[in-house]
Amino acid sequence: MSRTKHRPQVSIICGSGLGMLADSLECQDQFSYSDIPGFPQSTVQGHAGRLVFGELKGKSCVCMQGRFHMYEGHSLLKTTFPIRVFKLMGVQTLIVTNAAGSVADHLHPGDIMIIKDHINFPGLVGLNPLHGPNDERFGPRFPAMSGCYNRELRSLAHEISKQLDIAGLVQEGVYAMVGGPNFETIAEARMLHRMGVDAVGMSTVPEVVVASHCGLQVFGLSLITNKVVKSYDDSDCVNHDGVLEVGRLRSQTVQQLVTEVISRMEINNNIDRMSNAV
Ligand SMILES: O=P(O)(O)O[C@H]1O[C@H](CO)[C@@H](O)[C@H]1O
């Protein structure tokens, strides 16, 4: 914290191909992850590996240009380490973005899904970033996860998408995290569909669980970059380059939506900075 004058209230995690979200920050201070003690390295194409501080519409922000995924070999504790760092800095809100495949038939590549809820597949089988001794200074042993995607921010985003004339692209839905790094088989895709999953990806949920545990309000967006193949007659085949390409094509729209949400969200100026406590 001594190397930047920014005291962020909002943190943003950029999904695959969405690193440009950091570009709109003014008065930037940038730090490579390799220069930050305790931070893992980004190893995935489309994740630059930089922490960017700056101002956006009068709000102080910190942006992860590059996130960590479990499939890179990081422990879940490591993948979510930045969230606790943000909490200690006084951040109140986490905005998560990701690239995801559409499982629901009504979502198409290029659409934006406001995350209403999630299914934590790794968590359901025991891979949870909150495993191990609980640090009560961050949050309770048994945190509730119902309502972890802030209702007011979701409704604000819908309102903004109407004003930006992109409401036709924006829907709400359930995101499921799978472990990756392989994409889904057709049988897995069909299972996800029957389970009520709207979009699937390999990230986000551990970050949201840790953020929710330590009392951050969370807003999440999935950019639908591909459809998940559910038919044996469909010869489509997803690949990471295609995912990044849709990210590039829709980057400006996602940026506009995120910027407006940040601009209009309420910030509590009685910040709860824990840096003296932990
Ligand atoms: O979730 P983000 O980081 O946006 O990336 C998504 O895109 C990659 C696959 O193309 C996977 O890492 C998946 O999780």
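Glycine too: its Cβ is placed from the backbone N, Cα and C atoms.
Any TrEMBL annotation is an automated prediction that lacks curation.
Binding of phosphate is attributed by TrEMBL to Ser16, His47, Arg67, Phe68, His69, Ala99, and within the candidate set Ser203, Ser212, Ser231, Ser235 the record adds Ser203 to that site.
This prediction places the mean pLDDT of the domain 'Nucleoside phosphorylase' (12-262) at 96. In three-state terms derived from DSSP, Asn226 (purine D-ribonucleoside binding site) belongs to an extended strand segment.
Rounded to a whole number, the C-alpha distance linking Ser203 (phosphate binding site) with Glu184 (purine D-ribonucleoside binding site) is 14 angstrom. Within the same chain, the residues at least 6 positions away from Asn226 (purine D-ribonucleoside binding site) whose Cβ sits under 8 Å from its Cβ are Gly101, Ser102, Pro109, Asp236, Val238, Gly242, Val243, Val246, listed in sequence order. Other C-beta atoms found within 10 angstroms of the C-beta of His69 (phosphate binding site) number 23, with every protein chain shown included.
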